[in-house]
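Chemist: Below are the structure tokens for one structure; questions will follow.
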Amino acid sequence: MLTWFLFYFSEISCDPPPEVKNARKPYYSLPIVPGTVLRYTCSPSYRLIGEKAIFCISENQVHATWDKAPPICESVNKTISCSDPIVPGGFMNKGSKAPFRHGDSVTFTCKANFTMKGSKTVWCQANEMWGPTALPVCESDFPLECPSLPTIHNGHHTGQHVDQFVAGLSVTYSCEPGYLLTGKKTIKCLSSGDWDGVIPTCKEAQCEHPGKFPNGQVKEPLSLQVGTTVYFSCNEGYQLQGQPSSQCVIVEQKAIWTKKPVCKEILCPPPPPVRNGSHTGSFSENVPYGSTVTYTCDPSPEKGVSFTLIGEKTINCTTGSQKTGIWSGPAPYCVLSTSAVLCLQPKIKRGQILSILKDSYSYNDTVAFSCEPGFTLKGNRSIRCNAHGTWEPPVPVCEKGCQAPPKIINGQKEDSYLLNFDPGTSIRYSCDPGYLLVGEDTIHCTPEGKWTPITPQCTVAECKPVGPHLFKRPQNQFIRTAVNSSCDEGFQLSESAYQLCQGTIPWFIEIRLCKEITCPPPPVIHNGTHTWSSSEDVPYGTVVTYMCYPGPEEGVKFKLIGEQTIHCTSDSRGRGSWSSPAPLCKLSLPAVQCTDVHVENGVKLTDNKAPYFYNDSVMFKCDDGYILSGSSQIRCKANNTWDPEKPLCKKEGCEPMRVHGLPDDSHIKLVKRTCQNGYQLTGYTYEKCQNAENGTWFKKIEVCTVILCQPPPKIANGGHTGMMAKHFLYGNEVSYECDEGFYLLGEKSLQCVNDSKGHGSWSGPPPQCLQSSPLTHCPDPEVKHGYKLNKTHSAFSHNDIVHFVCNQGFIMNGSHLIRCHTNNTWLPGVPTCIRKASLGCQSPSTIPNGNHTGGSIARFPPGMSVMYSCYQGFLMAGEARLICTHEGTWSQPPPFCKEVNCSFPEDTNGIQKGFQPGKTYRFGATVTLECEDGYTLEGSPQSQCQDDSQWNPPLALCKYRRWSTIPLICGISVGSALIILMSVGFCMILKHRESNYYTKTRPKEGALHLETREVYSIDPYNPAS
């Protein structure tokens, strides 16, 4: 545990205390100022050695240090003890008694007139020494002399000629030869007047008894004094190593024997091994002297073979003249007793035999093999001829691994991450969904390091549609994307449709759609018009013609500036745009000038001044007290006159008045007004006027107010859109709707109009909401770029169904079946036919040893074809013509070119010299043929391999030449008829044999009997091997 006290001494501090192993770490805080006390405690099972407390002190008020080293913690061991500690000039405190065990402490006190130096308390440590500090020293306050030292028997010391032994003087003892010093060699005179140690003694030196000598004997010595010699000898089976004697000598104050010899066991090397046999000894360890080893032969290795032991069956481990282990005799050997076993010479393709070549081999003969460059040996490199006349293990094979097989487009193969494959390995190919495998799905690696058969290909599978098109891209499905899609002129690529196709794995094809390019309505021009009358977008290619309006009056006309016709085309981004800006209609004016004009009692409101040109206008205002008579604005016409005539400012005045009754003789002037559309005449207002000319008179003015309709009629089982409105002005429209379960009969919408009297009224009677089904008549549905498969008439009744089909090159968006509903509409809506993008094919694959007519064309339109051809010396396998389909794929895989080879027939049916049946020759190779003796060459002796795998000229024949004496025999005249008959018969037989020399199978006439004289090639790229 830690107890600490803190006293503050400015900023002076001690370093962190050292850690004590196996002690609890004392607690402290920084800085550690002088006066801090740390106390250590040990962990359980450990004993504290030293003072438990250390103090942080500062002697010079500049630096602070710990007053002592920390204690140590040692594991408790009561078997350890320490000798009695002696401190000259001092004594142990009471309570300290021997024996002193591990962890015991002793505290010393100095005698009077002595001062202690060092730690007064020490502990018995695990090393049986007192510590952790040295024993204290009690120094005399008044130094004293030590007494004279006595002499010792058989020894002497360095102080024999010293008169006084003062404090600090040291004396060293030594012994006579043959004696050893016992005790402290050097003692020192202390200030207390005492020697710091006991006087040593000299004892006669003797060696210990040599004891027993392992595996040998010792000749007993007469004494054990220094100089005595002992002798050693070994038992049988052991050999003395070292000197045979040892002497007692003194080394470093000890009497010891010089190096003794040892008796090493005599061992024989491991017994010799015997081929085809064994022994009872060890094959790796040495064998002790006297051991016996027995040899036996191996059992019969195989049927018909046995081993016989030749020589001594047992041998013993003994010694020779050099006392080393040797065997009593040579090891026997086992001889094989075999019958006449022979193995035929083994054959290996693509390799050779490294051993001596023989026609046959004897039992246990071995043969080693190697392979041709580039091939690897599979199996054992060496084989043995066994007792059955066969080779074991089997003859190896030379084979070459295959490199990674080629990848296929739109497909994958097994183990695609591997780069090398062992012979015999098979790889399976498969195609992506939407593609079909053409060829074998599995290829195999041959020992020649080639893949066979040829790699398959994945061709585009024909999509067998399942269900309708989808206009939203399917998620997490395989989709065969459309490539090289394009649209006809006037269309641009837009969104895609997706068709589910039949297959083991669901897959889709993408169908790119074409959107018709349209332009916005042609621009409107001032003072002119154009030939397009609709407000909808304009189809691509449409031509619009512009025209100007006639002149506003005689002598004035509009002139067209710009292109009269523009057409709808497309910009660089494929968007619809007009071929050029719209033209302008500008007024063509004559040289017109109107005279200046003034109005008496009035002023001009416009700022322009004379001269005035065509269509210039002038506005007038009368002075106060005057009323304008005529138009306030006049215009300069093309004939240099003002229209209308200039007005007058007359002095007269009128003021509105409320009329309750007018005088009977009143002069009333009616001012007529024309009410605008949507307004009606509802009354009059009066103004009282007075002037000098007419006196007092009255102006009657018509008043126009807006036309209002009454709220529209309500209907049963329905309502209209104006239910919340308060007023219904002229032109307002309301729509009627029926409640659910009712249908509307009559006009759906009513409009606020004026009747014959000019009052507001609704455009017709309100409709009705009826519950029974009405008579249904749906309009004839029309689909652009499509047609109906049924119902060609124009009227359709309730529940009639129409089936639509899109034209070739278009795809349907919507349902192909629609039904006539009771509300005279089609459900679902009438579909639309969207143009499909036309697909193109990418450049077809190139083939080794051949080419095609596609050249550098990057994209091929549907229907275009390419032709493949092979180089000279190669034949085409497959179709030469490929056609680009509307699906954007080629009609079939490309062909390949295989090398042209000519060969001799396998079955020659005769004897030939140097002829190899089945050997092949490359295109262009020429062979020279020669017949064996007894045959005659018929045909050309030289033939060349042609590009159709045929020889030209055909290979020559060797005709058998035999029975050349037949005519002579047949020409002999014989007197006897019997002899003549026999001769004739014999001649017929020989003639028959000449023309038809038979074997057991067929005539040999016409068979090849050739030998190849030489082979050369005219093709520099295909030299004959």
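Cβ atoms here come from the backbone N, Cα and C positions, even for glycine.
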Chemist: If you pull up Swiss-Prot, which of Cys704, Cys709, Cys778, Cys806 shows a disulphide to Cys752?
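Modeler: Out of the candidates Cys704, Cys709, Cys778, Cys806, the one Swiss-Prot links to Cys752 is Cys709.
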Chemist: Identify which of Cys146, Cys175, Cys207 is listed by Swiss-Prot as the disulfide partner of Cys189.
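Modeler: According to Swiss-Prot, the disulfide partner of Cys189 among Cys146, Cys175, Cys207 is Cys146.
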Chemist: Choosing among Cys501, Cys514, Cys519, Cys622, which residue does Swiss-Prot name as bonded to Cys568 by a disulfide?
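Modeler: Of the listed candidates, Swiss-Prot names Cys519 as the partner.
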Chemist: Mind checking which of Cys371, Cys385, Cys431 has the disulfide with Cys398 in Swiss-Prot?
Modeler: Cys371
Chemist: Mind checking which of Cys458, Cys463, Cys514 has the disulfide with Cys487 in Swiss-Prot?
Modeler: Cys514
Chemist: In sequence order, which residues at least six apart in the same chain have a CB under 8 Å from the CB of Cys752 (disulfide bond)?
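Modeler: Sequence-distant Cβ neighbours: Ile707, Leu708, Cys709, Phe728, Leu729, Tyr730, Gly731, Asn732, Glu733, Gly760, Ser761, Trp762, Ser763.
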Chemist: What whole-number Å value do you get for the CA-CA distance of Cys202 (disulfide bond) and Cys463 (disulfide bond)?
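Modeler: About 121 Å separates the two Cα atoms.
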Chemist: Using all protein chains in view, find how many other C-beta atoms are within 10 Å of the C-beta of Cys56 (disulfide bond).
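Modeler: Counting Cβ neighbours of Cys56 (disulfide bond) within 10 Å gives 26.
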Chemist: Return the count of C-beta atoms lying within 10 angstroms of the C-beta of Cys709 (disulfide bond), excluding that atom itself.
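Modeler: A 10 Å sphere around the Cβ of Cys709 (disulfide bond) contains 23 other Cβ atoms.
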Chemist: Considering every residue in the domain 'Sushi 14' (839-899), what is the mean pLDDT value?
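Modeler: On average, pLDDT over the domain 'Sushi 14' (839-899) sits at 83.
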Chemist: Can you tell me which of the disulfide-bonded residues Cys110, Cys371, Cys548, Cys585, Cys841 is spatially closest to Cys463 (disulfide bond)? Compare CA atoms only.
Modeler: Cys841
Chemist: Using DSSP, how many residues in the domain 'Sushi 10' (592-651) fall into helix, strand and coil?
Modeler: 0 helix, 23 strand, 37 coil
Chemist: Go ahead and report the DSSP secondary structure tallies for the domain 'Sushi 14' (839-899): helix first, then strand, then coil.
Modeler: 0 helix, 26 strand, 35 coil
Chemist: Taking 10 A as the limit, how many CB atoms besides its own sit near the CB of Cys398 (disulfide bond)?
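Modeler: For Cys398 (disulfide bond), the 10 Å Cβ neighbour count is 22.
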Chemist: Once near-sequence residues are set aside, which residues in the chain of Cys343 (disulfide bond), 6 or more away, have Cβ atoms under 8 Å from its Cβ?
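Modeler: When sequence neighbours closer than 6 are ignored, Cys343 (disulfide bond) has Ser360, Tyr361, Ser362, Asp365, Cys385, Asn386, Gly389, Thr390, Trp391 within Cβ distance under 8 Å.
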Chemist: Please report the DSSP secondary structure of Cys463 (disulfide bond), reduced to three states.
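Modeler: DSSP assigns Cys463 (disulfide bond) to coil.
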